[in-house]
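Peer 1: Feature table excerpt (Swiss-Prot):
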- Gly169, Asp170, Arg171, Gln172, Thr173, Gly174, Lys175, Thr176: ATP binding site (BINDING)
- Ser362: site 'Required for activity' (SITE)
Amino acid sequence: MHIKPEEITSIIKNEIKNYEKELETVDSGTIIQIGDGVARVYGLEECMEGELLEFPNQVFGMALNLEQDNVGCVLLGSEEGIKEGDIVKRTGKIVEVPVGEDLIGRVVNSLGQPIDGKGPIKNDGYRAIEVPAPGILERSSVNEPLQTGIKAIDSMIPIGRGQRELIIGDRQTGKTAIAIDTIINQKGKDVICIYVAIGQKQSTVANIVNTLTEEGAMDYSIVVTASASESAPLQYIAPYSGCTMGEYFMNKGKHVLIIYDDLSKHAVAYRTMSLLIRRPPGREAYPGDVFYIHSRLLERAAKLSKENGGGSLTALPIIETLAGDVTAYIPTNVISITDGQIFLETELFNAGQRPAVNPGISVSRVGGNAQIKAMKQVSGTLRLELAQYRELASFAQFGSDLDKDTQARLEKGKRLIEILKQDQYKPMAVEKQIMIIYAAVNNFLLDIKVSDIKKFEKEFLEYMDTHHREIGKAILDKKVLDDELKSALESAIVEFKKIFLM
């Protein structure tokens with residue numbers, strides 16, 4: 001085959017004409033210091049705060065400190081094999097997690113990667129873990145109840161959908177138990193639950209997942225975990241990741257319940273990170289913006305207006321106190337951010353009152369509007385009567401000769417406390433709560449021995465289920481106790497008492 005030189009020339013000229021030079025530019029920097037899950041990188045002049053950075057070995061990091069000549073970042077993975085002098089590239093993105101329906105029923109880490117051994121998760125895309133909270137005009141007031149199934153809470157400290165209610169108490173007082181009971185009680189109520197475990201032992205999280213599975217609650221739940229063995233940055237981003245997963249459902253008009261267990265460990269993880277990247281310490285060695293990390297997280301809980309789909313995200317953050325000290329830095333911060341708190345006391349817990357809720361200093365600032373009217377009617381005087389009982393009980397220890405009125409109040413108080421006791425993983429339907437609290441508040445239990453109250457409650461509710469199911473149904477339908485319902489309920493109580501006292 002003979003090719004003429006001029007043909008070769010024209011082919012080369014053609015190729016040169018059509019050649020497009022593409023340069024891929026990557027903003028990169030050099031590691032000048034690494035250790036303890038923290039790196040300092042020289043360069044990266046265009047880096048954004050919170051930006052995702054790519055380190056060698058497919059490890060990612062997050063830029064936190066933008067200084068004059070270097071960037072302080074935290075690693076979202078192992079620093080093994082990464083050394084000084086290695087190249088770090090910008091990604092131009094901020095930290096994102098997968099969202100979607102397929103996350104339901106799964107256990108994932110802070111980055112949304114499955115850790116339950118059930119294979120990959122199909123997602124509906126990725127969303128940034130840090131987004132602004134809904135504005136005032138996008139919200140509506142809290143007006144729908146979120147039933148916890150716990151008598152002491154639903155009657156005296158009601159929670160509404162879209163509220164932020166803090167659960168606070170010492171270690172081993174039943175804080176997580178209240179949160180898990182609330183998740184179990186959402187069965188069949190079309191609420192998606194997200195449990196975020198921050199700095200917990202892996203064995204504890206495994207127990208919680210087993211409990212939720214046994215109770216059938218994993219069918220509508222997501223568990224996000226950053227265990228105690230994981231790095232501080234992963235513990236720090238866990239609640240934001242969980243919140244983003246929840247917002248996906250809220251924006252679709254669904255109702256979401258999210259539990260942060262617990263924000264004390266979250267603050268400690270943030271303090272660790274901040275001190276390592278040499279931010280100046282403040283009170284209790286926490287950095288100055290520790291209030292802001294919790295306020296921007298909890299402000300994302302909302303009840304959206306009808307125009308925005310009417311979805312809601314209810315947050316139950318948990319805080320662990322030391323020796324009941326609610327005046328410490330982190331507890332006071334979170335109390336001031338939330339719409340109320342459920343305070344659990346060690347003394348009550350050890351005295352056998354479980355859940356160990358102290359109604360004196362527990363409060364719900366917005367949930368009262370969401371409580372159903374029938375519950376308001378029966379529990380209106382409950383908090384006051386319990387407070388009076390506690391006061392009288394402390395005086396009664398000193399004097400033996402008490403007048404009849406005081407004795408009657410003490411006897412009633414004992415029965416009210418007994419009625420508010422409840423076993424773990426046994427949430428109660430709201431109509432049943434109303435019936436038994438009505439009986440206690442209206443003096444129907446004064447002739448029942450205190451030791452028999454639990455037995456009376458169990459048998460009474462079974463009796464109402466079999467003989468007077470229409471009363472419970474009427475309470476749910478009407479949502480108010482009218483005279484007709486009251487007289488039907490009273491006659492049913494009297495009827496059952498005759499059988500019980502035989």
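Note: Cβ is positioned from N, Cα and C throughout, glycine not excepted.
Source: prediction; values computed, not measured.
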Peer 1: Starting from each candidate's C-beta and looking 10 angstroms out, tell me which of the binding-site residues Gln172, Thr173, Thr176 has the most other C-beta atoms.
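Peer 2: Per the Cβ count within 10 Å, the most buried is Thr173.
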Peer 1: Starting from each candidate's C-beta and looking 10 angstroms out, tell me which of the binding-site residues Arg171, Lys175 has the most other C-beta atoms.
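Peer 2: When each Cβ's neighbours within 10 Å are tallied, Lys175 leads.
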Peer 1: Out of Gly169, Gly174, which of these binding-site residues shows the lowest number of other CB atoms within 10 Å of its CB?
Peer 2: Gly174
Peer 1: Compile a sequence-ordered list of residues in the same chain as Ser362 (site 'Required for activity'), six or more apart from it, whose Cβ lies below 8 A from its Cβ; state 'none' when nothing qualifies.
Peer 2: Met156, Ile157, Gly340, Gln341, Ile342, Phe343
Peer 1: With DSSP assignments reduced to helix, strand and coil, which class does Gly169 (ATP binding site) get?
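Peer 2: SS state of Gly169 (ATP binding site) = strand.
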Peer 1: Excluding Gly169, Asp170, Arg171, Gln172, Thr173, Gly174, Lys175, Thr176, which residues of the same chain place their Cβ within 8 Å of the centroid of the Cβ atoms of the recorded ATP site?
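Peer 2: Surrounding the site, in chain order, are Glu320, Leu344, Thr346, Phe349, Ala356.
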Peer 1: What does DSSP call Lys175 (ATP binding site) in the simple three-state scheme?
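Peer 2: Its secondary structure by DSSP: helix.
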Peer 1: Can you give me the same-chain residues 6 or more apart in sequence from Asp170 (ATP binding site) with a CB-CB distance under 8 Å?
Peer 2: Glu320, Thr321, Leu322, Ala323, Gly324, Leu344, Glu345, Thr346
